[in-house]
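Feature annotations, courtesy of TrEMBL:
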type	residues	note
BINDING	His8, His10, Glu94, Asp207	divalent metal cation 1 binding site
BINDING	His132, His157	divalent metal cation 2 binding site
COMPBIAS	247-259	compositional bias 'Basic and acidic residues'
REGION	229-259	region 'Disordered'
Amino acid sequence: MIKLFDSHCHLQDPRILNMVPKIIKTTTETGVVHFAVNGLSEKDWHLVKEMSERYPSIVPNFGLHPWFITERTPNWLKTLRGFLESTPAAAVGEIGLDKGSFGRKIDFADQVDVCRQQLQLAKELERPASIHCVRAFGDLLDLLKSAGPVPAGFILHSYLGSAEMVPEFAKLGAYFSFSGFLMSMKESKAKKMLKSIPKDRILLETDAPEALPKLSNPDSLYLIEKEASSADGTSSGGINDGNPSEKSPEEDKGNEQQAEEIHNHPANIHHVLSYVASLLELTKEELAEISFANASRLFSYEGSKVLQEVK
């Protein structure tokens, strides 16, 4: 069976939280070995930690997403450090910069400052970081250059940047992770970008419950039942609460599925695998082996669950 590593998702999202046992069981049965579950703010870090303690397959990540920096407490950085130090298996994420339709409402200098502090923490603790970037790749490149190398590496999650930006980020240690959002990009542009990426830096992810793949035959998709939504129908803690009609796929990475409360299932990573493999002219087996090895290497820092398995 093909082995896969979901390099970025949000299984702690309240909209699907009560379905997590079933979701993990179904997905692991398809060959997914690990899920890198990324926290978004102080409000959900405890959920990520609890899930990691319950499920060996979950690699926890703690970070402050740029959309939530205005909600941070005065002690947010101390709290974040505490979660990371008390959880040796944890990486840093989701952090980043956003100039999209929602992100532009949030002071950008503040975004840069918060992201810089978290990158510094990742460097100090020698953990990889998972980075969100929307319409701010030049700014992110400048920040990474000024901050200095991140020894444990970093992920550009759901990467939708240009092929031209790839070499600069790769030189700084970037891994490029792809989700169903890639299917919203013009195919020729996606193919050019993918082929510019070193094979040892390619990762696959679902960003579940976001990034539902766009397929010609949607009947083949794994879906999370509607009853998985929170009781009051809200999506507190999710990252796509804006008006989907105002966002382009490359701006805020596609939110149209949320209007109907259709949530992406992490087992759909197999559709991402098939699509990326086709553009790279590789077999699914070849890309699965490459991406799994890359993710396993990136998440093999001291204390990680992946490293413990190897030992």
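Just so you know, glycine gets a Cβ as well, placed from its N, Cα and C.
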Fill in the blank from the handout: Between the C-alpha atoms of Glu94 (divalent metal cation 1 binding site) and His157 (divalent metal cation 2 binding site), the distance in angstrom, to the nearest integer, is 9
Handout entry: For His157 (divalent metal cation 2 binding site), nearby residues of its own chain (Cβ under 8 Å, 6 or more apart in sequence)
Key = Ser7, His8, Asn38, Gly93, Glu94, Ser130, Ile131, His132, Ser177, Ser179, Glu205, Asp207
Completion exercise
A correct count of other C-beta atoms within 10 Å of the C-beta of His132 (divalent metal cation 2 binding site) gives 29
Exercise for the section: For His8 (divalent metal cation 1 binding site), just count the other CB atoms lying within 10 A of its CB, please. Expected result: 29
Exercise for the section: Provide the number of Cβ atoms within 10 Å of the Cβ of Glu94 (divalent metal cation 1 binding site), excluding the reference atom itself. Expected result: 28
